[in-house]
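Database features, via TrEMBL:
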- 143, 168, 170, 172, 275, 277: Mn(2+) binding site (BINDING)
- 79-106: region 'Disordered' (REGION)
Ligand SMILES: NC(=[NH2+])NCCC[C@H](N)C(=O)O
Ligand SMILES: [Mn+2]
Ligand SMILES: [Mn+2]
């Protein structure tokens, strides 16, 4: 039933990613239809958007699941572009270490310049992957890296336009003045919204330039939203589906509404920014800001599989896997959940 619904959806929407028109759900059918799918993998081992050590090990932990081989086994052409390394070699230091200067931004943003200069480099790298004709998968790293990934995606596109599906327990819509923490992983979405970007300090050359009208962003999974963020969501009318909406409507309906609203297209491709903390901590325990009452892995998969089926996905972020948190088993479990989500987004899942 689920598969049939997925296929009929696929039939109604133009799918830019799949070369084949086959909608067979057999593993052979999938394998054939993945031919022609070209993916670029980028690691973004950056941790200065938050305070916990270990999130810079996220890309390696996800790679250690064997994800690249699994994709290749399904016929996907995957190129590993390696990591965009942070400038200094002290990236593993706790970011609130006494000796580590915080370099606050004008509104108290922690590591303001380090976050933005890193993201400027990341943005160019994302552009490079996309210009190679590949769907760009960026594995973080903390969520501040979405400043660079979305910027790179939007500004590579001739019209400078994308739509963004943000899957997260948090809205990440703070500015320096509304943020309760000063952590920039709680701010990336706001940098891209034209109506909010004037609240943000920029680098001297103007980076990052905003690219999203409020109608080009939609949220799924919210359950820990700060007061200032709630005010922005309400005032700007940004489409957002929290956990109560998921309870009431079911995830298939929630994603369908988000995708209808965003209507990704060839000229306005879809960027999915998936924070692993959207999942319940029982599913993904090794993450820095866990919030109970979250998505099951199945619900997370419904989000990405429907996004896949709808087509036009140009880039995907998978962030906030921190293998230093919890037990080694927790870390492996979390990395595996991340793998499932990425596979679901790229090939519609592989183990069903
Ligand atoms: N990407 C994340 N995990 N963000 C968590 C943000 C938490 C909180 N809203 C803050 O701004 O500090
Ligand atoms: Mn989050
Ligand atoms: Mn986030």
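Even glycines carry a Cβ here, placed using N, Cα and C.
Sequence features annotated in TrEMBL and their locations in the structure.
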| residue | record | Cβ within 10 Å |
| --- | --- | --- |
| 143 | Mn(2+) binding site | 32 |
| 168 | Mn(2+) binding site | 27 |
| 170 | Mn(2+) binding site | 25 |
| 172 | Mn(2+) binding site | 28 |
| 275 | Mn(2+) binding site | 27 |
| 277 | Mn(2+) binding site | 28 |
Any further residue of that chain within 8 Å (Cβ to the Cβ centroid of 143, 168, 170, 172, 275, 277) of the recorded Mn(2+) site: 166, 169, 171, 185, 186, 278, 289, 319, 320
Secondary structure of residue 275 (Mn(2+) binding site) (DSSP, helix/strand/coil): strand
For residue 143 (Mn(2+) binding site): DSSP state (helix, strand, coil): helix
